[in-house]
Amino acid sequence: MVLMDKTARRHRWDTKFAPYGYVAPYFLIFGVFGLFPLLYTIWVSLQDRNLLESEAATFVWFANYAKLMADPYFWNAMGNTLSLWLLTTVPQILFALFIAQLLNRKVRTRTLFRMGVILPNITSVAAVTIIFAQLFGRDFGLVNWVLELFGAGQIDWQAGTASSHVAIAVMVVWRWTGYHALIFLASMQAIPSTLYEAATLDGANGRQQFWRITVPLLRPQIIFTTIIATTGNMRLLAEPLLFNPGAAAATGGSDRQFQTAALYLYEQGFTKYDFGYSSSIAVVLAIATVVVAGLGYLATKRIRTE
Amino acid sequence: MTAVLERPAPVRPAGPATRARRLARRVGGPWTYAALIAVLAGSAFPVYWSFVVSSQTPDAIDSVPPVLVPGGHLFANIARVFDTTDFALAMVNSIVVSGTVTISVVLFSTLAGFAFAKLKFRGRNVLLLLIIGTQAIPTELGIIPLYMMMAEFGWAGEIHAVIVPGLVTAFGVFFMRQYFERAIPDELLEAGRMDGCGSLRLFWHVALPAARPAAAVLGLFTFMQAWNDFFWPLVVLTPENPTVQTALSTLASGYTTDYTLVLTAATIGTVPVLAVFLLFGRQIVGGIMSGAVKG
């Protein structure tokens, strides 16, 4: 009798409380090392605070934000961020659609091609950037050598605003396009082939079928990818940092021509140790990311589904 | 004469020809192969190039026209990387970080995913929504307070500062939950309950063995992501105690960049993920296509 009672009690405990124990590790660790720092950023952004004298932190209301709004380096960094967002996100999605379309045909060595497109995504961002920095080198880079062959002359990729943005965009697009292509491919395979058969009978050619059937049916996936790519591309840091590594890496080029907002946050936070100011950049960047992702959503939502 | 009859006849006559054409659309022709091979070449070239540079001398790299094939200096360059920097320490650190993070993420994600998919408890749906919501949060933006915490704990510069925040991921929990939902019938667990199994024993003896394929995919992704992580290790670690990625950054920041040295280090640092990729490429592709979305 006593034994029965004990097992019953244990069973009750097991069904009622044990599940919380199983999910607790996630919430504990994420709460302490993920969510708390994120929210605390807002508090730090209202302080005049640096690494060296944290006791001397003073509450300054919105002084950091006021300074930020009048800071030309910040606006330069935001401009670069938006330019890079456009130069990375749009080609990523267009190329990914194109590659997914190719992968969706019946081909031999299917797995080889699929693995091939994902290869860039498994290489580290640090290695990728260093490799591309060498390829885009002014004097001995392969890209300039090829341009020279075609008589286009050499380009000092790091020096100009436009050229440096193109070079960085190439790195990002190279690393992420294949990944998005596989996501699109998965959705393409779910499109019933009868739709294409009917369209073929109606005389629609491949291009018409792509824009009138494939793209509209992939709309949810395109919206999703746009948002995911936006959150990534709005906080590019490793690429601009390592494109011109060295003592002044955090400024993103000699004239800050490719300093992103995330890189400016890093410069203020971890080379000047101005934690309050750096946190205000983080908050504004977070808001800007939400706004831009919203714009991306509105743009991709307009794809006609007919 | 009815309207139907007035409609223009189909351009192509029905019959075998149409079927052949229809098949031709689905099967890749020579242009498809040409385009795919071009994509493949573009994907692989930078990695190949990194290997080429690592096997050359600085003079050969700076020659015009450039050499496009590997040379014979790979081992000399590897020796130079390990002589000039503490790259061995970086490798050990990266292995410890990625290994610990992978085991932890897989274990905690499987446990929580099991609870969310197969156990009933109050607040379950709210908590699950919370996890899905946190997936979209760019936690990188909390880097300043996170650094302040680590400095407070005395962990700045130590590798546990890199390990601990990575011990769980929202994506992992959600991914495993989706798998359990589909892969394990409730009847199986019910039968276990009848036999007097508690939930922990059900997890260990029924759920965990059944979850092995998904856990393996999650493990692969987590390992590669932890290995490649850059921003947070760069901030919290010092050049004296680096991971592979921050060591690369330090090497590249030298006064004059010797690309044979830097790219040899990049090549060495890529070998572990490349090995994982070549061994389990099929599973990785399958994982991405089944919705394994990493942020």
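Glycine too: its Cβ is placed from the backbone N, Cα and C atoms.
Note that the structure is a prediction, hence the values are computed from the model and not measured.
Annotation comment: TrEMBL describes B:31-49 (among others) as transmembrane segment.
Here TrEMBL flags B:87-114 (among others) as transmembrane segment. Residues 81, 159, 162-163, 166-169, 172-180, 203, 207-208, 211, 215, 218-219, 222-223, 226-227, 233, 241-247, 265, 268-269, 272 of the same chain lie 6+ residues outside the transmembrane segment (B:87-114) yet bring a C-beta within less than 8 angstroms of a C-beta in it.
Annotation source TrEMBL lists domain 'ABC transmembrane type-1' at B:91-280.
Here TrEMBL flags B:126-147 (among others) as transmembrane segment.
The feature transmembrane segment is assigned by TrEMBL to B:153-175 (among others).
Through the fold, the transmembrane segment (B:202-227) approaches residues 94, 97-99, 101-102, 105-106, 109-111, 113-114, 118, 166, 169, 172, 175-176, 179-180, 183-184, 188-189, 192-193, 244-245, 272-273, 276-277, 280, 283-284, 286-287, 292, 294 of its own chain, all at least 6 residues removed from its boundaries and within a Cβ separation under 8 Å. Under the heading transmembrane segment, TrEMBL lists B:202-227 (among others).
Below 8 angstroms of C-beta separation, residues 47, 50-51, 53-54, 56-58, 61, 73-74, 77-78, 80-81, 84-85, 87, 90-91, 94-95, 216, 220, 223-224, 227-228, 244-245, 247-248, 251-252 of the same chain, each at least six residues beyond the ends of the transmembrane segment (B:259-280), sit close to that stretch. The transmembrane segment feature in TrEMBL is assigned to B:259-280 (among others).
Within the same chain, residues 93, 96-97, 100-101, 104-106, 108-109, 112-113, 116, 131-132, 134-135, 139, 146-147, 214, 218, 222, 226, 229, 232-233, 236-238, 240-241, 243, 292-295 sit at least 6 positions outside the transmembrane segment (B:153-175) and bring their C-beta atoms closer than 8 Å to a C-beta of that stretch.
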